[in-house]
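TrEMBL lists 17-39, 45-64, 85-103, 169-185, 205-222, 228-249, 270-292, 312-342, 354-375 with the feature transmembrane segment.
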Amino acid sequence: MNYSSQLPSSLVLETKVIFYSGFLLLIVFAVLISLTWSFSESFQWFIQAGLLWMLAIHRAVKLLNLNRSSMQLALYPNLGGANRLTLLRGFLIALTGGFIFHANLSEKIILIPALSYFFAAIIDRVDGYIARLTKHESLLGTKLDIEFDALGLLIAPLLAVWIGQIHWSYLSVSLAYYLFQWGLYWRSKQNKPIYQLPTNMSRRAIAGFQMGFLAVVLWPILSPPATMVAGIAFMLPLLAGFIMDWLTVSGRIKLNGSKSLNFSQTLNNATQIVLLPSLRVLIVLLLCLSLIKTNTFPLLGEGPSPINPIFLISLVFSTLMILLGINGRFFAVILSCLLCWFFISHEMQFLDGILLATVIWVMQFGTGKYSLWIWDDKWVNRYDGA
């Protein structure tokens, strides 16, 4: 790795120490995992994880000149706590990637990458807060955060598809970022204009929900078809967002014109006033149909199915909170978890899949107009990333 001569020596030394420390940890981990796996499997894991760790550090070294709050100010002499956390996230993603393409992935083994990616997702939520708290915000952190988001959304879906938790079509999420970046590169090479993307709070929130979903779906406690349906429900809004962003940066949608602004405002109003409140009502109707279908209510079916009363109360309460718009996103998370657990022991039908997808869309976009309390909207839209 080549370091610029203009970089502070302390910054270069710290980066080297982090790189070699990470490699040493990978070697130790490979030795430990060889107690369960054969030498060839352990070696394969080390090669995959090592290459990903090298990629993460390579990108960090390339971007070290951005280790400052703005290009007009001097470089920081060290990475700072937030950037160290971001590099730790890159290390955890690399560790997760070592488990892809292994045939011998028992439920105990899969807990390791599940736990690793889970902590990576948590770090993604707090590293920006640490940067602001320590007054060490940097362009490096912003750039690495985006690149590690993309890397994580490549590695975790590959592993989830490999172990059969999600449908292979979810890999389009992994490709979307890289296709988008390639498109920008191609336009610049062709001397075509690249238009500025407007600030969009939902863009970051949707990406964050992808990481949260992947952090959960890798755990062996959930299983298809619920995880397959959930993957598609999480995938569609992100892909739609990439399409809209591409139409914007390529100039096909111009947001600086009055007609475009009116269209954007009309679309937002339709979503908030009509679509999202309608989804809340639809959740209630679909849940009632699902409970009737499973004979939860003896007057409406042939006989009651053995459903835990506490579980049923939690199901109904969460649905009521969503209907009223009281922290609807939070209770949509609770309801989606309850439904996935419910479908482990009950056959999932088409309407059940629509129900789960609808709950996930409310989770991502909120409850819209006529909500009584939307504190969780403010928390979701608050940018804590680097």
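Including glycine, each Cβ sits where the backbone N, Cα and C put it.
All annotation found in TrEMBL is predicted automatically rather than curated by experts.
Cβ atoms under 8 Å from those of the transmembrane segment (169-185) belong to residues 149-150, 153-154, 157-158, 160-161, 194, 210, 231-232, 234-235, 238-239, 242, 245-246, 249-250 of the same chain, restricted to positions at least 6 beyond its ends. The transmembrane segment (270-292) makes contact with the transmembrane segment (354-375): 3 or more of their CB pairs lie within 8 A, with pairs spaced 6 or more apart in sequence.
The list of residues near the transmembrane segment (45-64) in space but at least 6 beyond its ends in sequence, with Cβ under 8 angstroms from a Cβ of it, reads 1-4, 7, 11-12, 15, 18-19, 22-23, 26-27, 29-30, 33, 37, 87, 90-91, 93-95, 97-102, 140, 143-144, 147-148, 151, 155. Distant neighbours of the transmembrane segment (17-39): 1, 45-46, 49-50, 53, 57, 79, 84, 87, 91, 94-95, 98, 102, 104, 109, 112; these residues of the same chain sit at least 6 beyond its ends, with a Cβ under 8 Å from one of its Cβ atoms.
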